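As structure tokens, the structure follows; a few thoughts come after it.
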Amino acid sequence: MASPCTTYHPSPGSPEDDSMVLFSTSTSCSPAKESTITHSNSSSFNSSSPTPPPPQSSSNKTYELRIRNLSYTISPNGSIFSSLMKKSNKPKIGILKSISFVAGCSEILAIVGPSGTGKSTLLRVISGRVSDKEFDPKSIYLNEHAITSPAQLRNICGFVAQEDNLLPLLTVKETLMFSAKFRLRGMSSKEREERVESLMQELGLDHVADNFVGDEEKRGISGGERKRVSIGVDMIHDPPILLLDEPTSGLDSSSALQVIELLSSMAKTKQRTIILSIHQPSYRILQYISNLLILSHGSVVHYGSLESLEENISRMGYEIPIQLNPLEFAMEIISVLENQEPHSKYQSCSYLRWEEAIIQDGANKQVIDQAKAGAISDARCSSLFEIAVLCSRFWKIIYRTKQLFLARTMQALVGGFGLGSVYIKMRHDEGAVAERLGLFAFSLSFLLSSTVEALPIYLQERRVIMKEASRGAYKISSYMIANTIIFLPFLFAVAILFAVPVYWIVGLNPSITAFLFFTFVVWVIVLMASSLVLFLSAISPDFISGNSLICTVLGAFFLFSGYFIPKECIPKYWLFMYYVSLYRYPLDALLTNEYWSLRNKCFSWNEDHSECLLTGNDVLKNRGLDKDTRWMNVGIMLAFFVFYRVICWIILARKVSKTTI
């Protein structure tokens, strides 16, 4: 029988390997005090890596994560009344129940269990992806010092979610480079580029550095390479602890093995603490996993090595079939393991004796003090830098989104020339007044609805924004400002492409001043519509509901614009819609612009042309436009443009504060 001590074997690294480590401590990766398990020489399966790690380098800093009696509960969704009264008679649901384990450096700890057993929840809790009120400050310890808030864990741990939330139109190198710019502000451009090059080599991505990440619609790198890019994004600042939620999910067996081999190599060479959840690892993957934490219904049914699991199963009188490994067989008898005596789940409790976990070196406290200060918050760039980087990224995405670029250009040209061909050389008589009003109304409807195609792009960006902003990469306000800066010139070009043909082909007011104002109003219209779509994308769960919501809102605005129903005929309980309609103000501005300089021009005479029946002033009075309110209407339109973006900023900021990805 081998010694009951589990020994941690860290790997050496060059001195510069740890130059990016954000925290310092004098604790080294020393042998554990006592093991939770006993090893059997007769084990038929070797869980250690085929290549033993080299001896320890004293220059490396190491971290040990201890979890003590961690529990987590959620409140079931009650009725609206009970939620308003902040009372609920329904009992809380226990997701995690008294979880205890230790994750040491240079090792991979795998959290295993059936679906719905709490694996992802456990990772979210120990990575700090919970609110302060849900966090237990006495259950998580780093190098034997208690973590008191989830913000400290977010600053210490890198967390790779199960979904690969990446922008498909960026290359692998650009994705990592943008992440480096956001999170490594203290480095020079050359140092950041060297860091990215080094990380791509470490992740085995240097051969696809200039390939697009891609997604289901746009072909890019493979699934395994995309997963490695996701790992790289959260490793760019070299976190001492790396947590991964189902890193092999959706990958074929070869890609899954490559990912686990990569993580094992990173754990040894950089002495990282790596914890991952995995559904049912293959025989070859298990070779790289040091310890297993098996969960069932939120409780620990086994903690220790694969050999100890095999011993435990044999001690219970079961024989593992030849075609199965111990873990696969354990999943089949999970209910039996769950009902075994507590002391047999981890045989030696001395390793988890928390009363002995006292601070023996003041340097350990430095880890927590730096976490409290938010070491990664140093990587939060200044607002101007954030905006500049986000503008650069936005421009790349818009330029490469050929469908959006071409669609908006073709819409503007086809719309402008199409309307011009319908209303070509419009006359200046009484019938032309109604035609001009119809032209302006249709143009408004066309321009406001033409921004809907940007909805999928906003929805695709939203999850990336949630992840990046929640991890301190940048502020939501910086994102909104950058979005505005990039779309201002882009939509101005769209406005010119539409306004020039329709204005001169139709033969509207020939004044240059009137033409310039018309073009400016068209620009403000598309800006206002863009803000509305951005706002609705922030509250829409998916494209179908978002598209339906946009159509409904625009339809209601058009109905109450005063074009179909005069203000006096609108029911009082719907009158507010007249004032918030995005159609009313630009329609009034365009009509005023067309007829204000032509107030004294006669558009209809009596039979003998002795009396003018309709002047430009009469046209304006019929719409209630007795004064020149063009710039007031423009001001209201700009206010809508700002208002919808501010509301979007508030919604996204609130979602970021609650996100767990």
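Here the Cβ of each residue, glycine as well, is placed from N, Cα and C on the backbone.
The region 'Disordered' feature in TrEMBL is assigned to 1-61. Residues or ranges marked as compositional bias 'Low complexity' in TrEMBL: 35-49. If you look up TrEMBL, you'll see 65-322 marked as domain 'ABC transporter'. According to TrEMBL, the feature transmembrane segment maps to 405-424, 436-459, 480-506, 512-536, 543-565, 631-652.
For the transmembrane segment (543-565), the residues of the chain that approach it from at least six positions outside its boundaries are 437, 441, 444-445, 448-449, 452, 455-456, 459, 532-533, 536-537, 574, 577-578, 580-584, 587, 623, judged by C-beta separation under 8 angstroms. Residues of the same chain lying 6 or more positions beyond the ends of the transmembrane segment (631-652) and with a Cβ under 8 Å from any Cβ of it are 462, 465-466, 469, 476-477, 479-480, 484, 520-521, 524-525, 527-528, 531-532, 534-535, 538-539, 582, 585-586, 588-589, 592.
Tertiary proximity for the transmembrane segment (512-536) is limited to same-chain residues at least six positions away from its ends with a CB under 8 Å from its CB atoms, namely 443-444, 447-452, 454-455, 458, 483, 487-488, 491-492, 494-496, 498-500, 503-504, 546, 549-550, 553, 582, 586, 589-590, 593-594, 597, 630, 634, 637-638, 640-645, 647-648, 651.
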